[in-house]
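The structure under discussion appears below in the form of C-alpha cells.
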Amino acid sequence: MNGKAQSTAYKAEPSAQNSEQGGAALTIKGVGVDYSTAEGTFTAVERVDLDIAAGEFVSIIGPSGCGKSTLLHSIGGLIPPTRGEVEFRGEVIGEPHPDRAAFVFQDYSLLPWKTTLDNVALGLQFKGVSKGERRARARDLLRTVRLEAFANSYPAELSGGMQQRAAVVRALAMDPDILLLDEPFGALDEHSRRQLGVEMAELLTTTGKILILITHSLDEAVFWGDRVVVMGASPGHVKEVMEISAPRPRAVDFMLTDEFVDARRHLLELSRHDLDGEPEPAE
Amino acid sequence: MSAIARTAGAKGSAGFQYGLKLWALRALLVAIIAGAWSYAAGPGGVADILLPSIPQVAAELGSLVKDPVIWRAAGLTLGEMAIAFVLGASLGIVVGLWAGRRNLRARVTDPLLAWGYIVPSVVFYPLFLLWFGLGSSSKVLYAAVGAFFPIAFNTIRGLKSVDPKFVRLGKAFGASKRQLDVSIKLGAAMPMVLSGVRIGVALTTIAVILGEMLAASAGLGFELAKSFNVLQTARGFAVMVILMVLVGLVQLVANRALSHFRH
Amino acid sequence: MKRRIVMRASSPLRTRAALIRCVVVVAALIVWAGAVRLGFVDPVFVSSPGDVGRALAGFTRDAEVLSALVVTVRTILIAFVIGTVAGLVVGTVLGLSRTLKDAYMPPILFLLSTPKSMFLPLFVLSFGITTQTAIAFGAFTVFFYVCVNIVGGVELVEAHHLRLARAFGASRLSTFRHVVFPASLPGFFAALWHGMTHAVSSILLAQLFVAIGGLGTLISVYSTSLQTDKALALTVVISVIAVALAALWSITERRLTSWRANQ
C-alpha cells in the first residue's frame with residue numbers, strides 16, 4: 001500500500017496551481033488579535049497583511065507563541081480579529097463557515113463517542129444533510145484514504161495517522177474553498193508523518209483549493225508551500241515571506257534539490273535568530 | 001506481605017492454576033463461615049430463633065421461591081425501583097442539562113445539588129412517610145430524590161468539564177448553538193452522566209429496600225424486616241438471599257444497559 | 001495566559017452565583033411560609049419556616065435533644081474507629097497480596113454495592129435493642145468502604161517504584177515505609193472520608209430502625225407524633241453539620257493535594 005501511494009505522488013501532473021488567474025482570492029488586511037487579560041491587553045498577533053491567490057499553498061512557520069495558530073483561527077472565523085479583516089472573494093469572514101474554510105486540527109479532534117463514519121459526516125450533519133446521504137458521502141471519502149474498513153470503528157481503535165486521515169477527509173467533505181491545516185501532522189511520529197505527507201500529497205494539492213498549513217517543521221513548510229510565511233513572536237508579526245518556485249505536487253526527490261536545501265538553510269538561519277534572541281519589542 | 005514477590009510468583013504460574021487457587025481460597029473462607037455457623041447452631045447451642053441451621057434456611061428458601069407472596073413482593077419492590085429510577089434520572093438529566101447550559105446557572109445550582117448528595121438522606125425518610133403514607137408512593141419518591149442528586153450533579157459537572165477542543169471543533173464545522181449542546185457537549189459529557197446514572201441505580205435500590213424495611217405494608221424489604229421481627233429467622237435469612245440475588249440482577253441489567261452507550 | 005483570564009473573570013461571577021443562591025433559598029422559604037399562611041398546605045404536616053426556626057432555637061435548651069446529639073456523635077465515633085481499624089488491616093493485607101486481592105475483592109465489592117440495611121436485622125438479633133447494635137452495624141458498614149479505598153490506594157503504588165526500591169536493595173520494611181505508604185496516602189484519605197460519611201448515615205439508620213436513642217430515634221419519634229417542626233429542625237441540624245463537615249474536608253483535601261502538586 002505504501003508503494004502505491006508513493007507512485008501516485010510521483011506521477012507529478014502539471015501543477016494545479018491557478019496563480020495564472022491572477023489577483024488575490026483571500027485577503028488578510030492588517031489583521032491583529034488582542035486578548036484581554038487581568039493584567040491588561042496581550043497582543044497575540046500585531047499586524048499581518050497577506051494576499052493569497054486561488055489554489056495557492058501557503059506554509060506558515062514560526063516559534064511557539066508567534067500567534068500563527070491564532071492567525072489561522074482568525075482566517076477560519078473562529079477568533080474574530082481585533083483589528084483589520086479577512087476577506088474571501090470580497091466577503092468579510094466573520095464567523096466559522098465550513099463551506100468556505102474547513103479546519104484540520106492538530107490533535108485530530110475526532111469525537112471519541114462517534115464512529116469514524118459519523119465523524120467524517122459531522123459537518124454535513126450540522127448542515128442538515130440527511131443521515132443516509134451524509135453517510136454515503138462520508139463512506140466515499142473514507143474510501144479515498146483507504147479507511148472504508150474502519151467506517152464503524154471508534155477513533156480510539158485507529159492509529160494516529162489513520163485518525164488524521166479521517167480528520168482530513170472530514171474537512172474535504174465540506175468541499176471548502178480554503179483548507180486550514182493547524183499542525184496536522186504535529187502529533188505524529190517521524191515515520192507516520194512522512195508517510196502521511198506522501199499520501200496526502202495528491203489529495204491535498206490537486207484540489208484547486210487554497211491551503212494554509214501551520215507547521216513547526218521546516219521540511220514540511222518548504223516541501224508543501226508555494227510560499228513560506230515566517231512569523232516572529234512577541235507580538236506575532238510576519239518576518240519574511242519566501243517563494244518556493246518548484247511546481248506542485250512535488251515528489252520526494254524535491255527534498256534533494258538545491259532549491260529545497262537552500263530554502264531550508266535560509267529558514268534555519270532565520271530561526272536561529274529567534275534562538276539567539278533578537279531584541280524584543282517592549283510589551 | 002511483599003507485593004513484589006507475589007507478583008513475580010503469580011506471573012510464573014499458569015492462569016488456570018492461579019484461578020484454581022483463587023477459588024480454593026474463596027472456598028476456604030466459605031467453609032470457615034459455614035463451619036462456625038454450623039457449630040454455633042448445632043453443638044454451640046445457639047437457639048434456632050437466633051441462628052437457624054443452614055439446612056433450615058435452605059428448606060425455607062426452597063419453599064419461599066414457590067410462594068406467590070414472595071413473587072408479588074419482589075414484583076412490587078422491582079416496580080418501585082423502576083419507577084423511582086425513571087423519575088429521578090429523567091428529572092436529574094433535565095435539570096442537569098438546563099443548569100449546565102449556562103455558566104451562571106451551573107454555579108448557582110452546583111453546590112445545592114452537592115449538598116443534597118452529601119446530606120445523610122436517611123433522616124428524611126420519616127418525613128416522606130408523614131407526607132406520602134405507608135404505601136409505595138413514599139418509597140418511590142424517596143428513592144427518586146436519592147437518584148436525582150448524583151445524576152443532576154454529574155450531568156452539570158460533565159457539561160462544565162467538556163474539553164474546549166471539542167467545542168472549537170463543533171464551531172469550526174458550523175454547529176448551531178443547539179447542535180453544539182446536543183451533538184458536542186452532551187456527547188462529551190456522557191461518561192460523567194453515565195457514572196451519575198450508575199450511582200443513581202445503586203442509590204435507588206438502597207433507598208427502596210431501606211424504605212420498605214423501615215415502614216411499609218408490602219415488598220421484599222418489608223418481608224425481610226417482618227420475618228426477623230416475628231422471629232421467623234430462617235425465613236428472614238431466606239428473604240435476605242433472595243434480595244441479594246435481586247440486587248445482583250438489577251446491577252447486572254443496569255451495567256449491561258449502560259455499557260451499550262459508547263463514550 | 002488564557003488560564004489566568006478564566007480564573008480572574010470567574011470571581012465576580014462566583015459572588016453573583018452565591019447571591020442568586022441565597023435569593024433562591026429565601027424565595028423557597030417565603031413560598032413555604034406563604035403556602036401555609038394561605039392554607040394551601042396543612043401546617044400539621046409541613047410546619048412552617050417560623051415554627052422550624054423556633055424549634056431550632058428551642059433545641060439549645062432542650063436536654064433531650066442535646067443528650068441525643070451526644071449519644072449519636074459518640075456512637076458514630078466508636079463505630080468509625082472500629083470499622084476503620086478493621087478496614088485498614090484487611091485492606092492493607094489484601095492490597096499487598098495480589099492473590100488474596102484477586103480472591104476476595106470481587107465478593108467484597110459485591111457486598112459493598114448491596115444495600116447494607118439488609119443486614120441490620122442480623123445485628124438487632126445479635127445485640128438486641130442496645131447501642132451496641134448501632135455500633136456493630138456502623139463498624140460493619142465502615143469496614144467495607146475503608147477496606148476498598150485502602151486497596152485502591154495501595155494499587156496506586158506504581159510497579160516501577162517498587163522495582164526501583166528493589167533495585168536499590170531496599171528492605172521490605174523500608175520499601176513499605178518509603179514507597180508503599182506515601183504513595184497510598186490519597187487512598188487512605190479517601191478511606192477516612194468515605195468511612196466517616198457512612199458511619200454517620202449507618203448510625204442514623206440504625207437509630208431510626210431500632211428505638212435505641214440518639215438523633216435517628218428522635219426524628220422518628222417527632223415525625224410519628226406529628227411534631228413536624230421539631231422533626232424538620234433536626235433534619236436541618238444534621239444537614240448543616242454534614243455540609244459543614246464536607247466543606248471542611250474538601251478545603252483540607254485541597255490543601256493536601258496542592259502540597260502534593262507543589263512537591
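Note that Cβ sites are derived from N, Cα and C of the backbone, with glycine treated the same way.
All annotation found in TrEMBL is predicted automatically rather than curated by experts.
Keep in mind it's a predicted model, so treat the numbers as computed, not measured.
Pulled from TrEMBL:
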- C:65-249: domain 'ABC transmembrane type-1' (DOMAIN)
- C:20-40: transmembrane segment (TRANSMEM)
- C:76-96: transmembrane segment (TRANSMEM)
- C:108-129: transmembrane segment (TRANSMEM)
- C:135-154: transmembrane segment (TRANSMEM)
- C:199-219: transmembrane segment (TRANSMEM)
- C:231-251: transmembrane segment (TRANSMEM)
Inset, instruction - Might you confirm whether the transmembrane segment (C:76-96) is in contact with the transmembrane segment (C:135-154), defined here as three or more C-beta pairs under 8 A between residues 6 or more apart in sequence? - result: yes
Legend entry - For the transmembrane segment (C:20-40), sequence-distant contacts whose Cβ falls under 8 Å of one of its Cβ atoms, 6 or more beyond its ends: 46-50
Legend entry - Of C:76-96, C:199-219, C:231-251, whichever stretch has the most CB pairs under 8 A to the transmembrane segment (C:108-129): C:199-219
Legend entry - Contacting positions for the transmembrane segment (C:76-96) when only residues 6+ beyond its ends and CB under 8 Å are counted: 104-105, 108, 134-151, 153-155, 180, 184, 191-192, 195-196, 199-200, 202-203
